[in-house]
Amino acid sequence: MNELELQALLPFMVLAASSLVVILLIAFRLSHTVIQISGFMMMCLTVICMWLVRDTLPREIPPLLVIDGFAAFTTGLIVFVVLAVGLFSYIYFEEREENPKEYYILLFLATLGAAVLTVSKHFISLFIGLEILSISLYGLIGYLRNRNNAVEAGLKYLMLAALTSAFLLFGMALVYLETGSMDFAVIGRHVQSSGFSVLMILGIGILLVAVGFKLAFVPFHLWAADVYQGAPPPVTAFIATASKIGVFSVLLRFGQSLGLQNEQLLQGIFSFIAIASMIVGNLLALRQQNIKRLLAYSSIAHFGYLLVAFLPGNDNGETAALFYLLSYSVTLLCAFGIITIMSGTKQDAESVSFYQGLFWKQPILAVVLSVAMLSLAGIPLTAGFPAKFMVLASGVEDSRWIPVLVLVATSVIGLYYYLRVIGILFEKPEEETAATKVLHPFFYYATYTSLTVLMLAICWLGLFPGNVIDGIRQLLQLE
Amino acid sequence: MILIWLIILQLGAGILSWLLSKRDNRLAAGIALTAVIACLLLTIQLFARFRPSFAGGGQWLMEYRADWIPAFGISFHLALDGLSLAMLLLTFFLGALAVLCSWKEIRQRAGFFYFNLLWTLAGITGVFLAIDLFLFYFFWEVMLIPMFFLIYIWGDTRRRYAAIKFFLFTQAGGLLMLLSILAMVIIHAGQAGRYSFDYADLLNTTLSPGTAKLIMGGYLLAFAIKLPVVPFHNWLPDAHGEAPTAGSLILAGLLLKTGAYGIIRFVITMFPEAAASVSWWAMLAGVIGIIYGAFLAYGQTDLKRLIAYTSVSHMGFVMLGAFSFSEMAMQGVVMQLLTHGISTGALFAIAGMLKERLHTRELGRMGGMWTTMPRMGGIAMLFTMASLGLPMLGNFIAEFFILMGAFQASVPLTVIASTGLVFAALYSLRMVQKVFLGPPSVENITFDLDARELVVLGALSVSIVLLGLFPQPVFDMITNVIRNLNHTYE
Amino acid sequence: MMSIQVSAVLIVAAILFVLGFIGVLTRKNILFMLISVEIMLNAAGLAFVAASAKWQQADGQVMFLFILAMAAAEVSVGLALVLQIYHQYKTLDIEKLNALKDE
Amino acid sequence: MNNLLAYIPAFPLLGFLVLSIAGRKMSKNLVALTGAGTICISAIISLVIAAGFISSPPTEGFISTSVWHWFTLSDFIVNIGLRADALSVVFIFIITFVGALIHIYSAEFMRHDEDYARFFASMNLFVCSMLLLVLADNLVLLYLGWEGVGLCSYLLIGFWFKEPTNNHAANKAFLITRIGDTAMLIGLFLIFHNLRTLNIQEILLLAPQNFSTGSSEITLIALLLLAGGMGKSAQVPLQTWLPDAMAGPSPVSALIHAATMVTAGVYLVARMNAVFALSPLAMSIVAVVGAVTLLLAGCSAMVQSDIKRILAYSTISQIGYMFLALGVGAWTAAIFHFFTHAFFKALLFLAAGVIIESLHHEHNIFRMGGLKKSMPVVFVTFLAGAAALAALPLVTAGFFSKDPILWYAFSSEKGNAWLWMTALLGAFLTAFYTTRLMIVVFWGEAKTAIGHHPGKAMIIPLIILAILSVTAGFVEWPHNMIHLTLFSDLLHQQLPEVALKPDLPAESLFQLIAALTTFAGIALGYMLYYRKTYLATSWLQSPSVAGVHNLFKSGWGFDHFYRAVFVQPFLFITRINRTDFFDRIYDGIASLNIQLNRFLSLSQNGSLRWYVVGVLAGALFIITLQLLL
């Protein structure tokens, strides 16, 4: 391993170090605020490192990792998500007066896992990243063990994740058995030379079960709503964004190296999964009264949309997918930010009716949430629109009419429940409930500011996606 | 540059009136009114400036272009021709009146109301000006959201249902249009080697007849839902019925017109052969709309729903005219857009004023209003007559031209459509009779129009009469546009 | 040493895997479910070992070590959760854990 | 003279604008002055023009002016252009002159109505529209006037809108005429489709060049135009609105539903004579429609008891005569009958108005009676009008105008004995019901006390009209009597002369038969209602007579027929479809989605083992798919 490779790995090392830092800080019995701030600093440091080492990219670190523009983008996105999640976590836990310190260890570990996924080009690193992510998530989900059925959610996630991990491993083993290598590129070459054998396809199919589970594709989606509901909102935000970004990016990389989309059968499976996810996700959300479950179902649908961009397996599709991930993450952070900030000391702000008339009480929050919902629905002026537009464009370009038409139809169904939520925000408020908050004003304002910034980011992405698209294309070295 | 100012002015004024509304509702309304009137004056000035050049010259009177998303060949491209100018005049005229209508009706959260109103208008302005298809779609959707809020927040009892229904219907069509746009862009990219969403570029795309038909279908469906064409009209009575007065006025007066505008600007221009191949069916849809809308209008017991169904009927004429491929009918269509905007807008304004006074939309609870409100009765009579196509008033010119033009294309359809005039008389007279005639009920004793309402209705009355007696300026404005259309389908 | 067909090992692994899966499906007790998952993981590990034997590489064995480590970590977290569950629900019947669901 | 033309409709329009905008604030005197004054000015201007036409006819036969340019579409140019030729001059003279008299009458008649200004505004607008109708140089403008008069008719029938029946009558009038109007509009499209113009003169010029005689297109055009005329002029089968239209104030009935608007159909057919002349079939249909109408309406008039309904049916019948004349090509005879009819029918309506007003709004003739003594002026004038209506030979205008029609119905190339006999029967009926009306109202004993007597403003128009009802016929004598044909001389500038059959019997014979028929009718009326009044009542005892009586009284059951065939089904459809059938479809889609949602929600039951089954299902799906393919 030479110096340049080490340099390229620097951000990931910082990321790994951040959990150690937190452990140390806990050992020194420092306060939540200090931990929070230092965690924030560590994440910023990661970003700075990424900036510093940008010239060394792209760089392979054989045999496990490759750090390229794609990885830089997704890792950056994950770190960005974690920055926001950290902020929400502070408010959430400060309000609950729980002991939140170890939480940050898990959070940063999970981040590391997701980040490793984005750079892995080998089954081993894939597996390691995925397990770091998963095992941290079990802890995160069940962290508030006495509330909200968190333990139940944690156990459900654990059991299913372990189960699907077994599928993942078995699939990997089959592929390894066929090709004699666990490196994506080598497998890809093998496929090019001798095509997909039955065992190979079987292996990939089984492997997909695990991926499908993590991304909550239909029919592996059943856990999503329960876990989203049971986990603390910041963790839910993390699961919905960072964890899925990591897994989706490895899927993209894997698909890209093997040319999965060229295989008729796999293509059919992907199309089917995409269609089923879009339909089932949106239909499930239709009458949902719990906003966390609603977002869970909506995320099922959204990853169905993403698969439409994945299907063509070309550069435009990839660009579209990355842009979609970006806009989706920003949007979901907004939504979960609101849920976090609205959650009281006793109960999470889960029920949709809780938000009734929010606009007339706290207009800023309501506007942020409305913008987020509109963005999820893919309405212009928000990030969701160019994202959906690009996904559609890549689908249309590849003449994948059935998924595209399903996308359109289900978007309309989806619009219904987003509008329902927005509508409730603008209803006449019920009588004033005295919501007293004793938070450090700085964090209070910081959250408001960050939510506003996120909202502006949504609008900016919606209005001027050009720069970001160009940026993504540069990172992918398409130009 | 002035084109972009028209949009920015409204967007800005919208935000301003929202922010300032905490202090004073009137201030918010004042800002809104000032902005819209400023836009109206700007547009009138444009009209005066370009009036000599309507007849000749290139396609566009004015253009503004800036890069937006270069990676996809998307630019911020606005352009003005006679058709857009006519529609803009209508937009700002009705916009100003919509603000005036809301002056007293909206007491709560007025700032946010005017914000939505202005943003809707800005979206509509954008739709009429955009000639980059991405931008067009963008504005197409942008005008929906604030409209949704207008209905959802300030609407009547069934407002939630109506608002969501409205949004879902239009969105369904919109997304199909987006697909069509994308398909077209990608085919064009295959031919020209680069992405472009520009109208002028896409016009030159060569499509196989089958593809052209499919792609056109997407556009047509979107516009047909907006127009609306039976059987895609179901959002309209609910949305119109439940919306606040200004909302109904803008919905009926302007939003529907964007559908017609789209048909003229995109469907017929970009897919002349495909449009011609379905023209008979489209005309049939128009005719069905005329008759079916009239039947439903007659059956209603709710004043605003009744007026809403008359729109379905009147927009059937637009469909009939647009697809008859005759210059005369096309002139009539544009005229119909203007006059229907004015006449139906006026009827909605009247319905709103009645609702302010009686707190009901039920026809059964009205009656004899002419006795207590002679001024309103007279004006209502005028617009009823406009709606049933009485000569002297603009609607007649429009429908006359449409029918006369369509007659060249299909005699049977035109004859059936003409019977729509009889049905129009049926529902119009029933409406007037139920509301204004008959014995006055004691509870209906109320006051006649005040000065503000008189200004609103007076302006509408004068304009509908002027359009009926001096329609030529409008025809001059659009002749060139329609000639260009003719070239494409000859 | 008797050479064993790779395919035979693979079949054994597959059988183990399916058995584990059946265990997960049929068992109501959380502990037994965890054990069944362990069986599945080990079945996968066995497949890896077989594969690496086929290619005469160490990669498969390395992977098996990772699997063991991961299984241990998973079980430790899992058992912690089981403790909590028993603490709260006084049962280990998975069917009793259904507070989170659609109404 | 050209310049004056535009002022004729302009003054009533001005009156309308002033009254509709400021009318409510003006005093009643000022309103009356504005309303009647503007019409009087118009009347004077039209008198000047008419005098000009008679004294020094313009060289081209017409005067014209273009007020402004309405619209142009490539070669289709339409102006707000007025054009007065002899035909139009006759009409504008009647419209303004009779109109002015009726306005003066109304100034007093409507004095106590709270909506005085609205009345005059509508009346002025009516006069303006009617003038535009007859002065229009193109069919679009004509159609404008055509619909305008329809609107005013609607407004004035429903003038007392607090009474729902009045509104129904108004709606009915508007709708039924609208049916005809729509047909006419389609006719216009057809004309434009073939000739590329809607200018009347150009059409008249081009039609013979473009169509062969009797071609189906020209027949269709003519029939469509005729349908418009039938609607406006209340000809069978679109006649049912006119009797109900009597719900309006009496001056309205006099002006709109007797003298002017209902004759618009006559004007249209006469105006488009070249078109009709090209289609023998259409001409025969015009004649038959007229003949049928005059008979049916005459029968109905015999049995009505409402004084205004009697007059209304009589109007329908008389217009039937005009159509008959038009149909046989006797253009000038038709117009001449219009000319005299305007006077005597307006007179009858105005006089009826006076009677009704004096008798506390009593419409039933059988509750009147004995008015000869108590209202002598009204009696005399009414008598003059009734005599003209019954066409009392030589002393009334009605004779001079109706006699040629009877004659031409037989003698014209297009006429035949059937038409003549129908017309003759109609004349008999006319004489009969006129006599009945006179006797029942003016003789016998008074059954209702008289309220107030009419003032000067009401009496003077009656007297003027009465004089005209007697004398107006003298401008045109039958050929075999005195050779004085001022009227047809004037009109022959514009309208073709009648083509007669060869070898006709002597005209005098026909005149004699007609006169005898009239007297027979009068005699029968006198018998039944003066001498042997018990006869009529005893006949009515028998069911067959009573059945016929009721059939006649209900206007031959047209109303019932239309109600059953058109109105009820329409109402039924609108009622059952009130909630919009298509909404059900979308509701269905929505509820389908909700059902699917419910169904899918079942899968989210919180059971982990069930979720494992989900994973299994997914895995099995993928694997089996692979194994199968």
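Each Cβ is built from the backbone N, Cα and C atoms, and glycine gets one as well.
Automatic prediction, not curation, is the source of TrEMBL annotations.
Remember, it's a predicted structure, so these values are computed and weren't measured experimentally.
For B:130-421, the entry in TrEMBL reads domain 'NADH:quinone oxidoreductase/Mrp antiporter transmembrane'.
Remote same-chain residues near the transmembrane segment (B:6-21) are listed as 27-29, 31-32, 34-36, 38-39, 42-43, 88, 109-112, 114-119, 121-122, 125-126, 129 (criterion: CB distance under 8 Å, separation of at least six residues from the stretch ends). Positions annotated as transmembrane segment by TrEMBL: B:6-21 (among others).
As annotated by TrEMBL, transmembrane segment applies to B:28-48 (among others).
Residues annotated as transmembrane segment in TrEMBL: B:68-100 (among others).
Positions annotated as transmembrane segment by TrEMBL: B:112-131 (among others). Residues 3, 6-7, 10-11, 13-15, 17-18, 21, 28-29, 31-32, 35-36, 39, 77-80, 84, 87-88, 91-92, 95, 98-99, 102, 106, 138-147, 149-150, 153-154, 198-200, 246, 250, 254-255, 258, 261-262 of the same chain lie 6 or more positions beyond the ends of the transmembrane segment (B:112-131) yet place their CB under 8 Å from a CB of it.
Within its own chain, the transmembrane segment (B:166-190) is flanked in space by residues 72-73, 133-134, 137, 140-141, 144, 147-148, 151, 196-197, 201-202, 204-205, 207, 211, 214-219, 221-226, 232, 234-235, 238-239, 270, which lie at least six positions past its ends and keep a Cβ under 8 Å from the stretch. Here TrEMBL flags B:166-190 (among others) as transmembrane segment.
Only residues 6 or more beyond the boundaries of the transmembrane segment (B:210-229), in the same chain, are considered here, and those with a CB under 8 A from a CB of the stretch are 140, 169-170, 172-174, 176-177, 179-181, 183-184, 187, 235-236, 255-256, 258-260, 262-263, 266-267, 270-271, 273-275, 277-278, 282, 285-286, 289, 312, 315-316, 318-319. The transmembrane segment annotation in TrEMBL covers B:210-229 (among others).
The transmembrane segment annotation in TrEMBL covers B:249-268 (among others).
Feature annotation from TrEMBL assigns transmembrane segment to B:280-299 (among others). Outside the transmembrane segment (B:280-299) by six or more residues, the chain places 220, 224, 228-230, 233, 237, 306-307, 309-324, 406, 409-410, 413, 416-417, 419-420, 423-424, 426-427, 430 with a CB less than 8 A from a CB of the stretch.
Proximity of distant same-chain residues to the transmembrane segment (B:337-354), defined by a Cβ-Cβ separation under 8 Å and at least 6 residues beyond the stretch ends, is recorded for 86-87, 90, 93-94, 97, 101, 105, 240, 244-246, 248-249, 252-254, 256-257, 260-261, 303-304, 307, 310-311, 314-315, 318, 361, 366, 369, 376, 379-380, 383-384, 386-387, 393-395, 397-398, 435, 449, 453, 456-457, 460-461, 463-464, 467-468, 474. According to TrEMBL, the feature transmembrane segment maps to B:337-354 (among others).
Marked as transmembrane segment by TrEMBL: B:375-394 (among others).
According to TrEMBL, the transmembrane segment annotation covers B:400-427 (among others).
The transmembrane segment annotation in TrEMBL covers B:454-475 (among others).
Contacts between the transmembrane segment (B:249-268) and the transmembrane segment (B:68-100): present, as 3 or more C-beta pairs lie under 8 angstroms, all at sequence separation of six or more.
For the transmembrane segment (B:28-48), same-chain residues at least 6 beyond its ends with a Cβ under 8 Å from one of its own Cβ atoms are 2, 5-6, 9-10, 12-14, 16-18, 20-21, 61-62, 80, 85, 88-89, 92-93, 95-96, 99-100, 102-103, 106, 110-111, 113-114, 117-118, 121, 125, 477.
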